[in-house]
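According to Swiss-Prot, the feature transmembrane segment maps to 33-53, 77-98, 113-133, 178-198, 226-246, 288-308, 320-340, 347-367, an assignment based on similarity to another entry. For HIS83, HIS182, the entry in Swiss-Prot reads heme b b562 binding site. As annotated by Swiss-Prot, heme b b566 binding site applies to HIS97, HIS196, with the evidence given as similarity to another entry. The annotation ubiquinone binding site is assigned in Swiss-Prot to HIS201.
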Amino acid sequence: MTNIRKTHPLMKIINHSLIDLPAPSNISAWWNFGSLLGLCLGIQIITGLFLAMHYTSDTLTAFSSVTHICRDVNYGWIIRYMHANGASMFFICLFLHVGRGIYYGSYTYSETWNIGILLLFTVMATAFMGYVLPWGQMSFWGATVITNLLSAIPYIGTDLVQWIWGGFSVDKATLTRFFAFHFILPFIITALVMVHLLFLHETGSNNPTGIISDADKIPFHPYYTIKDAFGFLLLISLLLTLVLFSPDLLGDPDNYTPANPLNTPPHIKPEWYFLFAYAILRSIPNKLGGVLALILSIAILAAMPLLHTSKQRSMMFRPISQTLFWILVADLLTLTWIGGQPVEHPFIIIGQLASFFYFFLILILMPTSSLIENKLLKW
């Protein structure tokens with residue numbers, strides 16, 4: 001009798017994705033982040049669902065409903081902090097996952113890569129709207145500043161902002177719709193993840209060498225199921241350590257003050273995972289230019305396959321490209337630091353230089369270094 005997992009229509013899908021999937025024999029821990037992102041998404045949906053049971057999306061009660069969750073709901077505090085810090089874990093895994101894709105040339109699977117970029121934008125939008133929901137000072141002013149950027153769009157900008165706000169300022173209508181979108185988007189993300197995996201399984205996984213590995217494949221189960229399970233254990237340990245020992249480490253103290261439209265906080269800044277993009281936005285003195293740079297800072301990933309000039313796929317055997325890649329990482333860390341600093345000397349010029357180098361590295365230096373490495377291959 002044939003095994004049920006190979007015949008049953010539903011089990012067959014699971015079998016081909018998680019059990020009998022042929023996987024390269026040499027993929028390293030950098031390939032764990034896909035499954036870790038799946039775990040993060042699961043944690044966020046489950047904790048978010050339980051939070052939504054007690055949360056009220058009204059300007060008068062939103063802040064106190066979050067306080068109520070933390071104080072009165074059974075284990076509400078851990079659910080709330082798992083959700084808040086789970087978002088940070090989500091973005092850590094996302095950045096490492098994208099970084100892996102750039103380093104090992106995974107972007108040559110263009111459909112998988114493009115769906116990934118779409119996922120990144122969607123997750124960023126979801127996180128932004130989620131940050132508005134507790135209705136603290138930084139929630140309110142963050143929402144005001146970021147939505148206001150749309151007014152830079154010529155002709156329709158002002159109308160568009162008022163349409164998104166549902167009025168003439170960030171108010172009850174804005175909070176209610178943000179809650180609605182924040183609730184629905186994770187399910188759209190889940191659907192996109194399935195499409196992402198569908199395209200990935202069309203080609204099979206890349207590997208550190210960047211060489212086609214069809215001749216040397218191993219079954220996903222048990223080799224990579226156990227490896228993923230170990231990754232899950234590490235991620236959950238890290239998340240629980242953060243939640244139980246310093247849950248507010250990555251948050252902003254201003255968000256423990258209820259939203260007040262009459263009092264602007266001294267430094268308006270987003271959560272840490274948006275600081276690099278925020279620094280790029282602020283480095284351009286023109287509003288529309290800043291908005292375009294902000295969008296391009298992520299959208300530039302779509303140009304990666306076009307900018308690939310090397311004869312080798314992976315950076316594993318390309319020391320010049322490796323050096324530039326790590327300079328890019330250092331540049332992004334610099335931008336993250338600058339995004340959290342006040343707009344004054346010397347931070348302004350550091351931010352402008354770091355923003356310039358971010359685009360210069362990706363658009364000019366990395367493709368050029370690849371061409372030089374191609375020449376060196378002939379020596």
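Using N, Cα and C of the backbone, Cβ positions are placed for all residues, glycine too.
Structural mapping of features recorded in Swiss-Prot.
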residue	record	DSSP class
HIS83	heme b b562 binding site	helix
HIS97	heme b b566 binding site	helix
HIS182	heme b b562 binding site	helix
HIS196	heme b b566 binding site	helix
HIS201	ubiquinone binding site	helix
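Separating the Cα atoms of HIS196 (heme b b566 binding site) and HIS83 (heme b b562 binding site) is a whole-number distance of 24 Å.
When each of 77-98, 178-198, 288-308 is checked for Cβ pairs under 8 Å to the transmembrane segment (33-53), 77-98 comes out on top. The stretches the transmembrane segment (226-246) and the transmembrane segment (113-133) do not meet in space: the count of Cβ pairs below 8 angstroms, excluding pairs fewer than 6 apart in sequence, stays at fewer than three. Among residues of the same chain six or more beyond the transmembrane segment (178-198), those with a C-beta under 8 A of the stretch's C-beta atoms are 17, 37-38, 41, 44-45, 48, 52, 55, 57, 112, 115-116, 118-119, 122-123, 125-126, 129-130, 132-133, 143. Checked against HIS97 (heme b b566 binding site), the binding-site residues HIS83, HIS182, HIS201 differ in C-alpha distance, with HIS201 being the nearest. Here HIS201 (ubiquinone binding site) is positioned 30 angstrom away from HIS83 (heme b b562 binding site), judged by their C-alpha atoms. Within 10 Å of the C-beta of HIS83 (heme b b562 binding site) we count 21 further C-beta atoms, all protein chains included. The two recorded residues HIS201 (ubiquinone binding site) and HIS182 (heme b b562 binding site) have their Cα atoms spaced 29 Å from each other. Within 10 Å of the C-beta of HIS196 (heme b b566 binding site) there are 21 other C-beta atoms, taking all protein chains into account. The binding-site residues in question are HIS97, HIS182, HIS201, and the one with the fewest Cβ neighbours inside 10 Å is HIS201.
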